[in-house]
Structure formats: structure tokens, C-alpha cells
Amino acid sequence: MQTNLLSQQFNASFLLENSTACPANATICDGTSCVLPDDNFNETLSVVLSTVLTILLALVMFSMGCNVELKNFLAHIKRPWGILVGFLCQFGIMPLTAFLLSLAFNVLPIQAVVVLIMGCCPGGTASNIIAYWVDGDMDLSISMTTCSTLFAMGMMPLCLFIYTKMWTDSDAIVLPYNSIGISLVALVVPVSFGVFVNHKWPSKAKIILKVGSIVGAVLIVLIAVVGGILYKGSWIISPKLWIIGTIFPAAGYSLGFLLARVAGLSWHRCRTVSLETGMQNTQLCSTIVQLSFTPEQLELMFTFPLIYSIFQLLFALLILAGYRLYRRHRVKTKTDVEKTEQKEDSKSKAKTNGGFVSDEIK
């Protein structure tokens, strides 16, 4: 009898140690899909990394401000046609696109809500960095990011009230106005210092801008990697959310560019509006989701902001690569045309100076 009891205890202990089920401290369990509570180490690491990344982002935005001309920035504010187009893209196209994608893929109500929250978020600061690399209008880019973050205080509740009524009560969604305010301050203050430096010491501002643009490009990738490492929980979510997370940013970039072109904006401003439309503030979306829903609900949708972040970065890099290839081809073609014209012009002059043609033209 005692032998059988010991055998049962051993078997139970062996199964417990070798089981693939969720740990006992998991907050959500579904087979092998688990969401674990944050441990002290990861919480401390997250705070440290968030602090470092915030400081780096402030420095990058300071460098971006070094490329802003105060008179051009004020001109966008006084004649806000570009800002109005961006506003329509940000709080018109993106929420509507999120609504239509949720209907088209017939996702669960809670999943539709997170897609809509992403669509209603203001533009992210990463768009300013990419806009610099694609020769966009930096004055317009920063003014659009600033204005969309400011307008989000009122437009996010309005858009969520309009579009989420068929899935949930909009009062259940908690908007972190303090986070929006912090994002606004973190954008405006360093950019303002950068504008001041560019006004006072333009030569030094150019050096700061070159260094900051490189650091910014590295920082965008670093934020995506850190987010992937620290993001807790299962990646086993509905394939529909993966598909929406792929289509959504691509639609934002495309529709933003198209609307800007229809509105008569120049090509470099069309690129700027496109980036400002497609690149959302995914950190804000994550904060809203964490504050608004229970752990059981989070299991169905909490990784969507990170999925969107990955694909918005991927498409932005593809846009950057495509633009750089186009620019290189265009400059090369333009140079060849100029050389041909110069050669023909020299030959025509040679008829009047005794037939001499320079060796460099030959």
C-alpha cells in the first residue's frame, strides 16, 4: 500500500515537472498558450529601457528640429492646407479604414475595437525620422505630428464613439490623456530647442542633424526589437489580425499619398503626408488597451499594436529603399543628359574655334 502511494506521488511529481501546461502563476491559460505576470526583473528592465529610449528619442527629435526653419513652420500654421489634408487622413481615412477592415474580416468584437483604437491614434514620431530620409517636408512633418497629437485629445473620443458603437460601449475604453500630454511635451520641447539652435547656429545644426538622423534610424529598429522582447504573452492569435496588421499600414501609406496628391500638394509633401498617415503612435494604442480591458480580453488582442508596429516599419523601410533607388536612377539619368548636352554644345562651338574639342568631352 505504501509502495503504491509513493509510486503515485512520484508519477504526479514527474508529470508536473515535465508537463507542457502553463505554469501555476499564469494569469491566462489555454493549453500551452500562457500570459505570465511581470516579474520584478522584467519590470525593472522595462523601466530602464523605457527611460533610455525616451532620452534617446528626445535627442533625436532635438536633431530633427535642427532641420526646421521657423518661418517655414509658421507658414504651415498660417496657411494650414497641408496640415488640414493630414488631419483628414489621420482622423478620417485611418479610422474608416480600420472600421472597413474589421467588417471585411469579420473579427471578434474585442479584436475590432483594438483595430479601431489603432486607427484613431495620432501619428508617431518615427514618421519624422523617415520623412527626413525620403527628403520630405520636415516643417510639415513635425507640424502634422504636433497637431495630430494635440487634436487627438478630442478626435480620439469622437472617432471611437462613432465607430465602436456596434461592438462595445465607448465608455469602456479608457483614454490616457496624461500619456497623450506627455507625448506632446516630449515632441514639442526638444523640437523647439532644435529650431532655436538652427536659427542661432545653422552650421552646427547641420552637424547635429546628420548625427541625429543616423541615431534615429537605429532607434526605430531598436524600439521594435525591444518591444518584441518585452511584450508578454502568447503570439498564437487569430490569423485575421496578422492579415489586418499587414494591410492596415500599407493602406494608410497609399491612401495618404493619394489624397495628398489629389489635394494638389507637391511630391515631397505627398511623401510626408503618406508617412504621417501610415505611421501611428503604437505605444499609445498599447497603453489604451492595457488600461481598458481584462486579462481574458487581452489574450485575444494585446499583440496587435506590436504587429502593426512591425509592418508599419517594414513598409516604411521599403518606401525609403524605393525612393533611394529612384533618386539614384534619376540623378544618374540627369547627369548623363547634362553631359550629352554639354558635349553637343562643345562640338557646335568647335566649328567656330578651329575644330578643337576638349579631351574631357571626348
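These residue numbers are counts, starting from 1, taken along the chain as shown.
Note that Cβ sites are derived from N, Cα and C of the backbone, with glycine treated the same way.
Annotated in TrEMBL:
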TRANSMEM  45-63  transmembrane segment
TRANSMEM  83-105  transmembrane segment
TRANSMEM  112-134  transmembrane segment
TRANSMEM  140-163  transmembrane segment
TRANSMEM  175-195  transmembrane segment
TRANSMEM  207-229  transmembrane segment
TRANSMEM  241-260  transmembrane segment
TRANSMEM  306-326  transmembrane segment
REGION    336-362  region 'Disordered'
COMPBIAS  336-348  compositional bias 'Basic and acidic residues'
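Between the transmembrane segment (83-105) and the transmembrane segment (140-163) there are 3 or more Cβ pairs closer than 8 Å, counting only residues 6 or more apart in sequence, so the two stretches are in contact. Long-range contacts of the transmembrane segment (175-195) within its own chain (CB-CB distance under 8 A, at least 6 residues past either end) are made by residues 54, 57-59, 61-68, 70, 73, 122, 125, 142, 145-146, 149-150, 152-153, 156-157, 160, 205, 208, 281, 284, 287-288, 291.
Among the listed stretches 112-134, 140-163, 306-326, the one sharing the most Cβ pairs under 8 Å with the transmembrane segment (241-260) is 306-326. Away from its own ends, the transmembrane segment (112-134) comes close to residues 57, 60-61, 64, 67, 86, 90-91, 94-99, 101-102, 141-142, 144-145, 148-149, 151-152, 155-156, 159-160, 163-164, 167-168, 173, 180, 183, 187, 209, 213, 216-217, 219-220, 223, 241, 244, 248, 271-272, 275-285, 288-289, 301-302, 304-305, 308, 313, 316, 319-320, 323 of its chain (Cβ-Cβ under 8 Å, at least six residues beyond either end).
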